Amino acid sequence: ARGSPRQSPSILESKNSLDLMDILGNLSYDVTAYEDSNGTFPDYDAAPCHNEYCPLFQRVAPTFLAVTCAVATLGTGALLVALAKRPHAWGWPQSRALVAQLAVGMGLFTTLLPVVAVGIGQGWRLGTGLCSLTHLLWHWSLFAQGLLVASGSCSTAWCRWDPRSRRLTVAVWAGALLLATPVALASGTVASPVTSCVRRSVAILSPAYLLHLAFCLCLFLLLPAGLLVATLAVPRLRAGWQPGVGASWLFFGLWLPYGVGLGVDFLLRARLLQPSCGTFEHFDYVLGLGEGLGVLHCCLGPAALLAARLR
């Protein structure tokens with residue numbers, strides 16, 4: 001049924017566009033305000049609203065992920081070779097133990113890219129269980145890298161591989177897995193228009209999704225902001241700032257825009273911000289570009305760490 005042209009659109013779930021919230025092909029906004037017979041949506045001035053992100057995403061994302069995976073594999077391999085060949089070239093704050101774990105995190109993230117690329121290009125045929133597992137591993141690697149960068153920026157525990165650093169390793173990886181668990185509970189598969197593995201298959205206000213969102217915002221926004229303030233305020237941390245720290249902080253720099261986009265996305269979905277036709281048409285592109293930028297950490301990170309070691 002057509003609605004009155006004067007009625008404002010609202011945002012719900014759309015079956016016609018992908019949610020940029022994730023590169024894994026999540027569902028995007030849905031404008032419920034009275035879709036017309038041509039599949040368009042009226043704006044405040046009755047202008048049709050077209051969201052063309054989904055077709056573009058399905059064409060571009062697989063190639064982007066494949067190229068990123070290839071470059072990241074080469075970069076991570078070169079980093080691991082450098083760690084093995086020159087073990088004493090890595091000093092605080094980019095110690096060998098810390099860099100090796102960052103390489104493992106980036107390697108885990110990279111191994112998931114081909115699966116995601118095939119899923120986007122051909123539809124997800126592996127079932128809900130493997131969809132949730134993919135999201136779990138994806139976010140486990142991200143949370144682990146964020147915690148490693150943070151601990152390397154403000155602690156000398158990584159100076160040597162001893163019982164203290166081993167305990168910290170267990171704490172970081174176990175904590176990252178715990179923080180990634182909510183996304184496994186919130187993710188699932190949808191079958192419109194083709195089967196997709198989506199990050200949010202539950203309501204926007206469900207406890208699982210709210211926990212996942214809170215953990216992402218803490219990792220991508222609050223944690224780097226807190227570390228930056230602490231570094232500026234504490235002379236000891238400021239004195240320890242070296243190229244290795246700056247290289248590892250590339251992780252936060254690349255994921256920061258996506259963290260901001262996630263926050264705005266939640267405000268729009270929860271209707272705490274009133275969306276317009278322009279928002280519906282363009283915000284998917286903004287959020288998709290933000291996540292695409294973050295994904296580049298797995299190929300730019302090894303290069304930055306190698307460059308910092310050579311200085």
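Heads up, the Cβ atoms here are built off N, Cα and C, so glycines get one too.
Per TrEMBL, transmembrane segment is recorded for 64-84, 96-117, 137-158, 170-190, 210-234, 246-268, 288-308.
Here the transmembrane segment (64-84) touches the transmembrane segment (288-308). Their Cβ atoms form 3 or more pairs under 8 Å, with each pair 6 or more residues apart.
Beyond its flanks by at least six residues, the transmembrane segment (137-158) meets 24, 92-95, 97-98, 101-102, 105-106, 108-109, 112, 116, 164-165, 168, 172-173, 175-177, 179-180, 183, 212, 215-216, 219-220, 223-224, 227, 230-231, 237, 245, 248-249, 251-252, 255, 297 of its own chain at Cβ-Cβ distances under 8 Å.
Between the transmembrane segment (210-234) and the listed ranges 96-117, 170-190, 288-308, the one holding the most Cβ pairs under 8 Å is 170-190. If you look at the transmembrane segment (170-190), the same-chain residues 6 or more away from its ends with a CB under 8 A from one of its CBs are 27, 101, 124, 127-128, 131-133, 135-144, 146-148, 151, 196-202, 206, 208-209, 211-212, 215, 219.
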